[in-house]
């Protein structure tokens with residue numbers, strides 16, 4: 001049996017977590033199936049922030065543009081499944097250049113999971129993904145191309161999700 005700590009501290013993700021880190025399509029939909037109910041979204045932050053150099057690079061900004069300040073709409077949330085502790089910590093970065101036309105609704109999500117909007121018409125979206133270990137847990141960072149707009153979404157699987165997934 002894998003312990004709670006190994007889910008957080010191993011250099012490689014637990015085998016049982018790999019499908020969740022690599023899934024294409026809506027993570028929201030799969031988490032709701034696992035929870036047996038809609039996800040509860042707790043907003044931690046919504047507002048404008050300057051992008052860091054690393055975030056600019058992840059969004060594909062290159063050359064001299066890297067040295068210029070860039071604002072993004074940032075949304076940070078906890079996603080709850082079917083218990084009192086959050087399963088996933090998520091951060092969504094929407095560069096201002098991506099928030100034009102109908103994409104402006106991404107600033108008005110409130111307690112709606114972003115997956116409801118992104119995967120409303122398509123089961124998958126063009127993306128680039130990386131997986132890394134953070135102090136909070138295993139994280140997938142996905143750069144989506146949503147109708148020609150770049151969106152960077154980071155989803156960290158928290159200890160409670162690992163415990164439930166691994167049946168600890």
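Including glycine, each Cβ sits where the backbone N, Cα and C put it.
Note that the coordinates shown come from a computational prediction; the quantities given were computed from them, not determined experimentally.
When 84, 155 are compared with the substrate site residues 75, 114 in Swiss-Prot, the one appearing in that site is 155. Within 8 Å of the centroid defined by the CB atoms of 75, 114, 155, the record's substrate site, lie the Cβ atoms of 77, 90, 91, 92, 113, 115, 153, 154, excluding the listed residues themselves. Counting only residues at least six positions away in the same chain, the Cβ atoms of 43, 45, 46, 90, 91, 92, 94, 106, 109, 114 sit under 8 Å from the Cβ of residue 75 (substrate binding site).
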